[in-house]
């Protein structure tokens, strides 16, 4: 891809995200979302592979539909209340349409079918952008309108996303699809708590972004796109594979790693809100995700394929962790002891 085109797309992505998360007016927020969509399309299709072109078309169709719904819901609200302010969403039909539009943009169940397919057609770095940066503007809109939205509907979306995200990830062999279903499952946790404690949703999203970035960057360094490749990469890059394993266990929410903190805090908050049955259900459903994280961890470090060499480590030029990956790995695995400090900052 032309460096100038890549620079323009990157700047547009940052600008679109900034416009949406800092705006109070629906038209400005919608403009930021459209800039984001137009900026990411060249990055998805840059390989010119048929699968990448297919992923681009799917992404464009779903995002344009969701953006049109957001614009329509804001117009309906403005027509009935005379307000274009994002926080003044009072019309019930507008609230319902906005919830559907954000669910499509985020890839929540039952509007999730486009997300794994688009990630599968993208490169690992573009998939990282789709899983993290592109989720930020819709989540910001949800945070700003969370007090107006239907809590029962959000809970239903959250439970179904955690269930389907874990269930459909069980039989996948492509790492990008597994991480796509992981994203859907994590979004379920965020949406579950958004009406009760928005700050906790922000914390969960930040920690999810850190952990997912570590996995994607590590996989991009060792060029792993499927489980069979991950299986044989241990002999070439044991350090990076160990990094992937620890981060995956952190994503699964196992103590004493960072990923345990948001799940623990969400369960605690749900219990305080007298929603113990919901907390129990979402915790049990997260065991499905735990299974495929453990499967990935098993393939990355715990098992070795049949091989003719007597040595576990093949001779290769050492691939060292680059600085961003090293910092993200440290944050992905060691933040749990700092949880009291983080809780006081919420």
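Quick reminder: no glycine exception, Cβ is built from N, Cα and C everywhere.
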Per Swiss-Prot, which of 25-45, 298-318 is transmembrane segment?
25-45
May I ask you to indicate which of 74-94, 95-115 is given in Swiss-Prot as transmembrane segment?
95-115
Could you check if the transmembrane segment (242-262) is in contact with the transmembrane segment (95-115), meaning 3+ Cβ pairs under 8 Å among residue pairs at least 6 apart in sequence?
no
With an 8 Å cut-off on Cβ pairs and a sequence gap of 6 or more, do the transmembrane segment (274-294) and the transmembrane segment (95-115) reach 3 or more such pairs?
no
Between the transmembrane segment (326-346) and the transmembrane segment (95-115), do 3 or more CB pairs sit under 8 angstroms, pairs being 6 or more residues apart?
no
